[in-house]
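**Student:** As annotated in TrEMBL:
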type: BINDING; residues: His99, Asp101, Glu120, His137; note: Fe cation binding site
type: BINDING; residues: Cys105, Cys108, Cys145, Cys148; note: Zn(2+) binding site
Amino acid sequence: MENSQEMAFNIFLDSFKKNVSKVGFKNTIQKDYILKTLYLSKKHLTADDIFLEIKEKYNMSIGMATIYNAIKFLHEMHLVNLLNIGDGTIRYEFNHEIHHDHLICTNCSSIIEFTDEIIEEQQNTIAKKYDFYLKEHIMILYGICEKCQKVDSNS
C-alpha cells in the first residue's frame, strides 16, 4: 500500500509527464526513478547516493551520465536545487517550493535547513534599495555544528 508521500509523488509525476511532453522532453523509467528518489528523500543526495539508492531500492541499472543529464534538466525546470557545501561534491534536493537556507558544518559536513522570515524580508529590502530585481538566492552559512562543538570541547 502506498503511503501519502508516494501518492503525492505519483500525482506530481502524472502532471510532470503531461507538461514536459508538451515541450518535447522524452521521459524514461530511469528519469522517473531519479525524480522519485529526490522527491522522497529527506537528505541532500549526491549523484552517487542517487545511483546507489536506485540500484538497491528499485533493482535497476542506471548510468551516471543518465543521472547527471536528468538532474541538469530537472534543475533547469526548477524542480531540483543544487547545493555545494565546499567539499567538492554537489548535493541535490527536490524543490518542494518551500524556500529554506542552509547551515553547513565544516567538520562533519552535516546540513541543517532553516527558514527565517526576517532574513527573507531583509534580502528583499536590500534588493529594493539597489533597484535590483531578485529572482532567487542561495544562502549558506558555514560553521561548526552543536555535535562537533561538544566533541571539540571534550578533547
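Backbone N, Cα and C atoms are what each Cβ position is placed from, and that goes for glycine too.
Keep in mind it's a predicted model, so treat the numbers as computed, not measured.
Help me see these features in their spatial surroundings.
**Tutor:** The Cβ of Glu120 (Fe cation binding site) has 14 neighbouring Cβ atoms from other residues within 10 Å, across all protein chains displayed.
Cβ neighbour count for Cys108 (Zn(2+) binding site) (all protein chains, 10 Å cutoff from its Cβ): 12.
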**Student:** Can you figure out which of His99, Asp101, Glu120, His137 (the binding-site residues) comes closest in space to Cys145 (Zn(2+) binding site), comparing Cα atoms?
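**Tutor:** Result: the closest of the binding-site residues to Cys145 (Zn(2+) binding site) is Asp101.
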**Student:** When the Cα of His137 (Fe cation binding site) is compared with the Cα of each of the binding-site residues Cys105, Cys108, Cys148, which one is closest?
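**Tutor:** Given the candidates Cys105, Cys108, Cys148, the nearest one is Cys105.
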**Student:** Give me the Cα-Cα distance between Cys108 (Zn(2+) binding site) and Asp101 (Fe cation binding site), rounded to a whole Å.
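**Tutor:** Roughly 18 Å, rounded to the nearest whole number.
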**Student:** Can you tell me whether DSSP puts Cys145 (Zn(2+) binding site) in helix, strand or coil?
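**Tutor:** The residue in question, Cys145 (Zn(2+) binding site), is coil (DSSP, three-state).
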**Student:** If you run the three-state DSSP split on His99 (Fe cation binding site), which class comes out?
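**Tutor:** In three-state terms, His99 (Fe cation binding site) counts as coil.
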